[in-house]
């Protein structure tokens, strides 16, 4: 057995490395996939081969830029907001199991509860940046964001509760352990609801009403420059990874697949990237939902469906 | 899911949208990577105008027909003494032939009107300058463009034979064989060979010259 401190260091470093590389891969994939879906080539220069280093170059650019806080801004809150947006996702990654036999940074008995609670912090970052920017666009974007995030939290949690009921545990590795292929059918509505609500939670198109660059400049991120803006962007891509990973773990069976004992981690990653691709695909395909359509979808469709799924899950659970 | 279901099954439009983007992704993109890869220009592209100085007789037709007066020509007369001739000949010598490409609108009228083929289109287009005054190309620079003039496009097989061809054939056949020679030339071009001569349909042939 290795000493505790070494074990801890390895786990934290692994999570941080994943936290820094996975979003870059997803971001680069978004550049290229979106470009080709629109009949373009996307970045071609940075790094030499098909612009593979575009996001690295972007990062260097962001670091060089001046860090501006508006004169009327609430400086401390304004500066803190990007970190509040970014940090919860790091904590979520800690609890997501990569493979069987305890291949997880921090196995938690209440993993699902922890993950959903931490994800809810995101709304705080939106409100902080919106209010502290002292900007009309930021404020409007922030209020839209708050309404959206609070609303979609409900179907997200209900859908996750359904799968937790089915598995009989709140532990994420436990849920994957209990997962059976036929759950794909049984939990299909919950998976759809969770995925759609997750998209709204990370404010990805078609649910990017709080950002809405054609009407609100850039929503609550309007006043941000340089590294702080880069943090917000990074948070968006980590958000894709987190939502894709949670969908994978809860509904797509995580590490389950051929040779799961040895290649479990690979199966998880493959599924995460597949779901990330779908998230990018949705962004390219669908126009932005209007604010009222967005709320209607949440309260009149997703929430009742999620409740119906809960009833179904309970019924099947009792019958078995 | 949000579809009203007026047009077929609910959600049909959503699936169709996904199919469109996925299909586009699998098709090769049409983007031209210009600075790295030379563009494939269509034939007769209008890039820049080249001047073949030897052909210019300073007739001034181009300068006069230019719609925005962007051609500047200066010349002087020179006496050429030909040994054995009765008197000295005069000829125009070109001192200056400038085209101001900051004014030129690439209509090509100058090239059309030049009776001696002194002006030519070339497809070269990379002559942007940082100073607008540098867009005034003098006759040396215009002459350098001559290297980039593409060979003329092949003759249209369905078209009329060129005037030169027709005349040469007529001369070869000797005097008084004009119509026969014309028919010969037409027979020589493959695709029009088995069609009746166009002129035969449009206007009656002139009567045969008495031999």
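Positions of Cβ are set from backbone N, Cα and C atoms, glycine also.
Automatic, uncurated: that is what TrEMBL annotation is.
Going by TrEMBL, these are the annotated features:
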| type | residues | note |
| --- | --- | --- |
| TRANSMEM | A:6-27 | transmembrane segment |
| TRANSMEM | A:80-98 | transmembrane segment |
| TRANSMEM | A:110-133 | transmembrane segment |
| TRANSMEM | A:154-176 | transmembrane segment |
| TRANSMEM | A:182-200 | transmembrane segment |
| TRANSMEM | A:229-252 | transmembrane segment |
| TRANSMEM | A:264-285 | transmembrane segment |
| TRANSMEM | A:297-319 | transmembrane segment |
Folded-back contacts onto the transmembrane segment (A:154-176), same chain, C-beta under 8 angstroms, at least six residues removed = 95-97, 100, 102, 104, 107-113, 115-116, 119, 183, 186-187, 190-191, 193-194, 196-198, 201, 246, 249-251, 253-256, 298, 302-303, 305-307, 309-310, 313-314, 316-317
Query = Are there at least 3 C-beta pairs under 8 angstroms linking the transmembrane segment (A:80-98) and the transmembrane segment (A:297-319), leaving out pairs fewer than 6 apart in sequence?
reply = no
Of A:6-27, A:80-98, A:110-133, A:264-285, whichever stretch has the most CB pairs under 8 A to the transmembrane segment (A:182-200) = A:264-285
Remark   = Per the Cβ filter (under 8 Å) with a sequence gap of at least 6 from its ends, the transmembrane segment (A:6-27) is approached by 55-56, 89-90, 93-94, 105-106, 234, 237-238, 240-241, 272-273, 276, 280
Request  = Quickly jot the same-chain residues contacting the transmembrane segment (A:80-98) by Cβ under 8 Å, restricted to those at least six beyond its ends, or write none.
outcome  = 15-16, 18-19, 104-108, 111, 114-115, 118-119, 121-122, 124-126, 128-129, 132, 172-173, 176, 224, 228-229, 231-232, 234-235, 238-239, 241-242, 245-246, 249, 254-255, 264-265, 268-269
Task = Report, as numbers and ranges, every residue of the chain located at least six residues beyond the transmembrane segment (A:264-285) whose Cβ falls under 8 Å of a Cβ in that stretch; write 'none' if there are none.
result = 22, 25-26, 29-30, 33-34, 37-38, 97-100, 103, 195, 199, 204-206, 240-241, 243-245, 247-249, 252-257
